[in-house]
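For reference, Swiss-Prot has these:
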TOPO_DOM  1-28  topological domain 'Cytoplasmic'
TOPO_DOM  50-85  topological domain 'Extracellular'
TOPO_DOM  107-148  topological domain 'Cytoplasmic'
TOPO_DOM  170-203  topological domain 'Extracellular'
TOPO_DOM  225-322  topological domain 'Cytoplasmic'
TOPO_DOM  344-359  topological domain 'Extracellular'
TOPO_DOM  381-408  topological domain 'Cytoplasmic'
TOPO_DOM  430-453  topological domain 'Extracellular'
TRANSMEM  29-49  transmembrane segment
TRANSMEM  86-106  transmembrane segment
TRANSMEM  149-169  transmembrane segment
TRANSMEM  204-224  transmembrane segment
TRANSMEM  323-343  transmembrane segment
TRANSMEM  360-380  transmembrane segment
TRANSMEM  409-429  transmembrane segment
Amino acid sequence: MKSTFKEERIKDDSKRRDLFVFVRQTMCIAAMYPFGYYVNGSGVLAVLVRFCDLTYELFNYFVSVHIAGLYICTIYINYGQGDLDFFVNCLIQTIIYLWTIAMKLYFRRFRPGLLNTILSNINDEYETRSAVGFSFVTMAGSYRMSKLWIKTYVYCCYIGTIFWLALPIAYRDRSLPLACWYPFDYTQPGVYEVVFLLQAMGQIQVAASFASSSGLHMVLCVLISGQYDVLFCSLKNVLASSYVLMGANMTELNQLQAEQSAADVEPGQYAYSVEEETPLQELLKVGSSMDFSSAFRLSFVRCIQHHRYIVAALKKIESFYSPIWFVKIGEVTFLMCLVAFVSTKSTAANSFMRMVSLGQYLLLVLYELFIICYFADIVFQNSQRCGEALWRSPWQRHLKDVRSDYMFFMLNSRRQFQLTAGKISNLNVDRFRGTITTAFSFLTLLQKMDARE
């Protein structure tokens, strides 16, 4: 019974599935991905869905553009009046909504082809589990981790931005969540409700857009790290895979396993996967009979093809996200600086909830920068470890036969892959620390300017 349950679990973990369900739904809410993806064909229903999709997209543009425009007008009207706190607060919202508009256009209109290529290639071609050998890993661990991270991040974004909607309700003064200039009296009955609804929609769009752009990057990095885990296990078991294709007997498999176990002593070999052992009896069921040279070449070529697939996917991700992160690093730097400044200026008696909201904004900005840099760093570290995985196989047993192939792979795999911001700055934990340092340097300068006034 226990064995049957384990077999069913392994079979379920090895199934091919859509890896982007939740993040794709979030992009649809943000109008960064078409709802029509879920409707195939060209019938009446498909036409209706496309029409509703376009209407929803245009409405979202209207909401975001009109709020950004109102804030720009507010900055222009109040410029030079000495209220630096209000000016900076308007500048924060202007940056946020301009970035929201830019992300919608970039994902939906500027580069949808590359986005679809990345998602479809990873979904269609990823390896669900490692090659046959003494042990195996599946994509289940990285898939679960990607779902956990993206859901946590998306919910935090929604909570952080929608919290602003609670302020007017708490104050009960018919104020708006976003304090900006309007060319009419928005406090009139009926008008206030419509304006409040539009601002609420705008805040939801901000949350969805920020969560989609950074969240998809995080999911891609976690899944690629999962593919590296699968590759590492396949490389470690490349000789075991060869022996299985040769039709080795139990004695030969036991001897090879003993030598591999002696070499396989490093803990923490995988980023997200849990390694499981394969019973030797199952390896005997394959029933193949090849010579070692042919069997090894077949097993090794599969590993090389998998490595090329991972590198090709990373190049597409870099091409798509590198321009975004080039602008994003500057945007995050200024946002952290401005939000921290406004938080320190909020000292009025009724500003407690506003300080909480600003504190949430600051934490979300830091959280976003962290996931961008941290998961890119994980990918970079994994890209350097292919050679280590290969050395965990008992290579000395067939040194003469495998030496040239091993050396060829080692030389090529040493070229690690680094995700960047505009091909200028590497995305890693050092970039995270450096951006925070720069932001608080600007904060100090801003506070000195405010003190002079």
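One is the number of the first residue shown, and numbering goes on along the chain from there.
Glycine too: its Cβ is placed from the backbone N, Cα and C atoms.
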The transmembrane segment (360-380) and the transmembrane segment (204-224) contact flag, 3+ Cβ pairs under 8 angstroms: yes
Surrounding residues of the topological domain 'Extracellular' (430-453) on its own chain - C-beta under 8 Å, 6+ positions past either end: 82, 84, 88, 329, 332-334, 336-338, 340-341, 344-345, 366, 369-370, 373-374, 421
Outside the transmembrane segment (86-106), six or more residues from its ends: residues with CB under 8 Å to it: 30-32, 57, 60-61, 64-65, 67-68, 71-72, 74-75, 78-79, 178-180, 202, 205-206, 209-210, 212-213, 324, 327, 331, 334-335, 338-339, 341-342, 345, 361, 446
Integer mean pLDDT for the topological domain 'Extracellular' (50-85): 88
Residue counts (helix, strand, coil, in that order) that DSSP gives for the topological domain 'Cytoplasmic' (225-322): 70 helix, 2 strand, 26 coil
Residues in the topological domain 'Extracellular' (170-203) grouped by DSSP into helix, strand and remaining coil: 15 helix, 0 strand, 19 coil
Cβ contacts under 8 Å made by the topological domain 'Extracellular' (170-203) with residues that lie 6+ beyond its boundaries: 60, 63-64, 66-67, 70-71, 73-74, 77-78, 86, 89-90, 93, 97, 161-162, 164, 350, 353
The topological domain 'Extracellular' (50-85) - residue tally per DSSP class, helix then strand then coil: 31 helix, 0 strand, 5 coil
Spatial neighbours of the transmembrane segment (149-169) far in sequence, C-beta under 8 Å, 6+ residues away: 22-23, 26, 175-178, 196, 199-200, 203-204, 206-208, 210-211, 214-215, 218-219, 222, 353-354, 356-357, 360-361, 363-364, 367, 371
Residue counts (helix, strand, coil, in that order) that DSSP gives for the topological domain 'Extracellular' (430-453): 23 helix, 0 strand, 1 coil
